[in-house]
């Protein structure tokens, strides 16, 4: 059963060939025997999962089942789950058990899905390799046969590794600068970052509030569409959540692609892209031409400024968001503080990891009195230029296509001493978050036995078009079906 997609598992449950309790137990057993190799989970919630599975079987017996009823999945450990620890990969929240559910969590519960647990992640979603987690690094299921341990990408590396290793059929992720798409690409799965405001952020622990967006991670575009059907929608608890009708994202998956206009941003096919990666991406684009699409080169002239702008805006917002973790109300508190200031200082110094502290420092500096205009305000002006570049491009084409990552998965520890080198891993994904548009990663080949992702970028609220393009590609290729050895 572990090799079946969400859609296939739903049909198995519908037919009565297996119950949700049996299916859930199979996945829990596999998780406990296999995850030692990957460290993709922080918390496995056996009792709650089996209770949800029993409720799902009752729901089905009463004729109230949805597509998701009884289907196992996992949440990235950034979504609050009532009664289940939500750590955000940090010592700071190692003992935090939320008293409420995030909206995304509540939506899956209402659909009858079964949450097996919480997946590992970079601490507070800050990272591109899933090596900054308080619970240890996650290992990419690909490349293990050669004796190498590769990173799965970050920050949603646990979700990506768990789906790639067939430990769960699907998992939620979040994307602030590439944190769904980059791990999806490096682990050979499908991942979608929706339009900013399409998915509620209520109960999703904040990193950078104007950039964060939750989204689906699964093996197929069809499964991603099924997930987005549950995740998307207006939520009055999140003031940035858009009040706009949610289509059935599975309804247009089979539309033909004849006449689709594809733009290739010349800035994303630059010297930063490894030649072998470019070859795989261009091969994938040729498949689209066979499906009836046309291709032209376009320009995003301000793309080169994206990383500089992002690493002012995101840390600035993070420094404000993370100021709430002070040892007073919840989270880690240092032992025997001398006074209030000592408690604040030591709780944060001991509770946060190095990468989080680095970004808080950068963000606080960018927001400080003498530098606000020079850094933060200027970065926001650059952000507007980047957004306008995409608006202009979509006047000419329907979608943009590019690589997701400049290289395949690198070895664990390879970039830990060079933060800038690590930040450059997101060079092709960050601008999309700054603009707030949707984009997804689709498996598109291999380099040296490691997966390559094709990035499909769309205009605002064009998730259905992206999923359609990805699904049609997956009908004529089998990259998404390959399994790590």
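Positions of Cβ are set from backbone N, Cα and C atoms, glycine also.
Record features, source Swiss-Prot:
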- 76: active site, charge relay system (ACT_SITE)
- 155: active site, charge relay system (ACT_SITE)
- 179: active site, acyl-ester intermediate (ACT_SITE)
Could you measure between residue 76 (active site, charge relay system) and the residue listed as 'active site, acyl-ester intermediate' for me? Cα positions, answer in whole angstrom.
11
If you count CB neighbours within 10 Å, which one among the active-site residues 155, 179 has the smallest count?
155
Whole-number Å distance between the CA of the residue listed as 'active site, acyl-ester intermediate' and the CA of residue 155 (active site, charge relay system)?
5
Residue 76 (active site, charge relay system) has how many other Cβ neighbours within 10 Å of its own Cβ?
33
